[in-house]
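Asker: Pulled these features from Swiss-Prot for this protein:
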type	residues	note
COILED	285-323	coiled coil
REGION	492-514	region 'Disordered'
COMPBIAS	498-507	compositional bias 'Acidic residues'
DOMAIN	609-791	domain 'SF3 helicase'
BINDING	653, 654, 655, 656, 657, 658, 659, 660	ATP binding site
């Protein structure tokens, strides 16, 4: 088994992306592997020898779009006192039931498959001994029709349901239903295996289980057949389309090949449909490749020619690395619009790899059109040029210089100069700059940007461009010198000996005419070069070239795409992709312009010094382990854009409990470009579409951390504004002095955080609002040494810790921030994997829920008013008219909230009172309450 596993590891092709695999390892060493056609023979030689030696193997094949008809009859029964006989006999079916199931399959084929022949009905039955699995006795068998291949979707949606109907209606000779002693619905035992991997012959699901073995081969008439007789009717083929030799002597040994579910060179039948299905050969797999056609065909051909030249300069080692190999493929796919010429270029370049597999290239190419067009189409010539520049800048520059006539052919210098086009105007010079810096610079509505290898950074001065102008000028000066040498050389050689014969004079005359023509052309080129040099070295004319560069480098979608991908976040040294959960180099197509303030250090571990210091810090901030775990579980979402859980987090405590230090740690990690502190007015005032709101404008551009701090005692949060900021919907965005027509909406990507000692009142909150709120209590207290308990155990019990006055030093904060970034990514990856496989569950700690319940009670404005203004007596003779209550409520509200006017009218207030105290429409007063005279006294004071 280890030998087979190592074989797959060694031959596993780079050409198969993670979703593309052909075989699955089960048992103690699970995994998915891709087996290329070229490794097919070597694999079966090894596999057959292991099966023949009865070595436990656990390998299954992935089913293709075209599959043989397979049957899996899985019988099991719980063993108790009533059916103890079964435990003793260990028999759940007999030969009669087996033959009956085969007949149901064959009858279904006859009724639903088009143009079937007798050999299509040949069925291989595979069985193994019954076994106990806990309280259950399990037994069953597999069926395999080696000559009958059908479209998988039609097997799933047509054949299997028909078989189940046939099994349900079938009656044995005694009149009993199939498996009547086990279940009244025998069709339930027929499993649909079209979406499952199929065990190879000789393999089992785990090392401790026995494999299924051939017990019988049935003909179309249910007559037993010899193995050689059954497998010699039609030829079988390897994945390389070579015929397999079947003899009486070797038929048992090569059963794993004969019972493979590979569809190569198999005859595929239709299921009651006139549509003709083609045999899936390699040629068939290539049928989707398109020819170059359409209005842009000339542009496509030109780009493909350039791409072919650039691939000659590109480092061939990239063909061995999957990500860059796939990127080059998608680049060529986009350049060539998926045409066959583009594929041919990619296929040839892929052959530089030692792991080259033409089958994988075809399959991956055909899958590329399934990619998200928003992100795949933006990889084109610019991305290819970037790759080449990274690998061979000198070679790329030489290629561009040659394209634009900056390199002379010394072997045929005169002809080369005469054909030379000197760039004396803005347009060709701008095109040259585009070829040199495409993918590295871009001009957008927001100005110039340059790509630094990780992000796009704004550029104020195009210094590189002006330096390049000087470089081109130097090239032209060298050409001017060579032209002068040619002209003077011709003049020196123009004389002829007067004594030459007439034939030589005739030849000399024609050479002088040709030389004169060349001299005229050379002089014209000389003047053009002088004009080009003057243009390239003059500041004013350089500006004209740069203006034309703005036209060629302009990308109208750049500003809209910038920082709009919520699944990408840039560290200082690369990009983390939350779709693939991997850290990688930045790409131009990431369209990121901001980085976190830290580097991602994947060398850190749980035992690293800075990570241990972080764990110690968090354990003091949150002594309660459940609160700490919940805090980290929620806060790890900070890097992923958006607020998919729709949570508003409140950090609260009485002071000196670490809120500010924790916030500073997060600001150090995230950085000023991706974290902003906002005015509390954003939450206390209604967000008005169309009105200028500079605070909201600050949240654009992929901001990940929005903090509301320094709350006033009388400020109230509007639940509507809170819902808008946490709902994930687009927000109106208009800056000061910006025209309404220039404003635009944006989708927020930040996590909302409120930091306060006392929670501000939440106004008009509904259940949906409360569902979003998470109150994180900061319970610790950081005190001076004289107030701090001596032992660590006592400190944690009392939640009193020594105040570390040095923790906010820059180097300490940066070290903790780097560890925090690594830790949050680690937690997010673990959490996301659970989300994707459906096992993620979050438990909100009781302390967090209790804090929210207390907050809800505080925000009940009517309860707050009644508590301060009235006394509950439970005496029904005591009553307060609604009119008097409303007058008192208005006065109380103005005094309690710094002169703010009441937003409830009288009718709304009375309705709120009736709903809270379950009163009817006929009630005009609230009974059981009386005026609190202490409230009057406090007002007088």
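Even glycines carry a Cβ here, placed using N, Cα and C.
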Asker: As a test of reading the model: what is the averaged pLDDT for the coiled coil (285-323)?
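Answerer: Value for the coiled coil (285-323), mean pLDDT as a whole number: 76.
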Asker: With a radius of 8 angstroms around the mean position of the C-beta atoms of 653, 654, 655, 656, 657, 658, 659, 660, what other residues of the same chain does the ATP site pick up?
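Answerer: For the ATP site, the extra neighbours are 757, 778, 780, 781, 782.
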Asker: Let's check the environment of residue 657 (ATP binding site): how many other CB atoms sit within 10 Å of its CB?
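Answerer: Summing over all protein chains shown, residue 657 (ATP binding site) has 21 other Cβ atoms within 10 Å.
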Asker: Counting across all protein chains shown, how many other Cβ atoms sit within 10 Å of the Cβ of residue 655 (ATP binding site)?
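Answerer: So the number of other Cβ atoms within 10 Å of residue 655 (ATP binding site) is 10.
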Asker: Across all the protein chains here, work out how many other Cβ atoms are within 10 Å of the Cβ of residue 660 (ATP binding site).
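Answerer: For residue 660 (ATP binding site), the count of other Cβ atoms within 10 Å is 14.
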Asker: Given the binding-site residues 653, 658, and counting only Cβ atoms in the protein chains shown, which has the most within 10 Å of its Cβ?
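Answerer: Within the set of binding-site residues, the most crowded position is 658.
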Asker: Within 10 Å of each Cβ, count the other Cβ atoms and name the one among the binding-site residues 654, 656 with the highest count.
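Answerer: Its Cβ has the most other Cβ atoms within 10 Å: 656.
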Asker: Residues with Cβ closer than 8 Å to the Cβ of residue 659 (ATP binding site), same chain and 6+ apart in sequence?
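Answerer: Same-chain residues close to residue 659 (ATP binding site) (Cβ under 8 Å, separated by 6 or more) are 651, 652, 653, 755, 778.
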